[in-house]
Amino acid sequence: MQQIHPAGQATLLADTRNTLGEGATWCDRTRALYWVDIEGAQLWRCRADGSDLTPWPMPERLACFALTDDPDVLLVGLATHLAFFDLRSGAFTRIVEVEPELPTRLNDGRCDGSGAFVFGMKDEGAEPPRAVGGFYRLNADLTLERLALPPAAIANSIGFSPDGSKMYFCDSLVREIFVCDYRPGGEVANVRPFARLTDPDGDPDGSIVDRDGGLWNAQWGGRRVVRYGPDGVETDRVAVPTAQPSCTALDGEGRLYVTSARVGLSDDALADDPHAGGVFVAQTRHAGMATARFAGTPRG
């Protein structure tokens, strides 16, 4: 039996109390953590110690984003479309609308090693959500293509192996993370199970892949982050002192950052979980990779 390394408990870094914190992303150039509050329609940033906490309001819900080569420009995935956002001026440059014919919104996304942005959708037309949303790739030339992956109700856990040959993803309503072969042009093949959640509580949410090829998955409702090795076997576990951890990021020194959410919690639950929606941090034994950046520019 493979040993599970208890990586300790995460502690509160920023008491932001986001409604739906997501999209944790570490920038090695600015030495800062970025994330979103989807339902609060905000982008957030802070330093590794939680200082210099800065929010930016968005014109609609912000679900995901990517760094670019310009530290002051992000690719942002708003609920209905993709755009460039200038942190200095607050200006948006619209790129493309996504799934206008469906009651879906953008959800999770990460860049691949070639600088394309890969993301998935969330159904908002039914409760529980239906598996109708696609997975997409925005190329550096700003063309959009749908990946040949099964549709999802709540697309999540998107990430890539260190060599770029594998893509990870999940539907949060299915308690399993999948992996597929991934080629530079965005071709996907050989979809197969990667890791199944075995605890009685918790659903797979956002993930990050470390330098050693391990995938750190935030497990919504499970109060934990679990690391799965490249073989899909659990190796590490971090307890998170809030009910709904939502997404993960790693810096180059092995610090694990975890966003969380308040949405859906009752007043009694929030009284017992006052820092829900905050950002948490834990030290791990695995360093993060440099975050892949979107290779496109507002000029295409």
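In case you wondered, yes, glycine gets a Cβ from its N, Cα and C as well.
Copied from Swiss-Prot, the annotated features are:
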BINDING   Glu22, Asn156, Asp205  divalent metal cation binding site
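Of all the Cβ atoms in the protein chains shown, 27 others lie within 10 Å of the Cβ of Asp205 (divalent metal cation binding site). Neighbour density for Glu22 (divalent metal cation binding site): within 10 A of its CB lie 25 other CB atoms from the protein chains shown.
Using the Cβ center of Glu22, Asn156, Asp205 for divalent metal cation, the list of other same-chain residues with Cβ within 8 Å runs, in sequence order, Asn107, Asp108, Ile154, Ser157, Ser172, Gly206, Ala218, Trp220, Ser246, Cys247. Counting only same-chain residues six or more apart in sequence, the Cβ atoms lying under 8 angstroms from the Cβ of Asn156 (divalent metal cation binding site) belong to Asn107, Asp108, Gly120, Phe169, Cys170, Asp171, Ser172, Pro204, Asp205, Gly206, Ser207.
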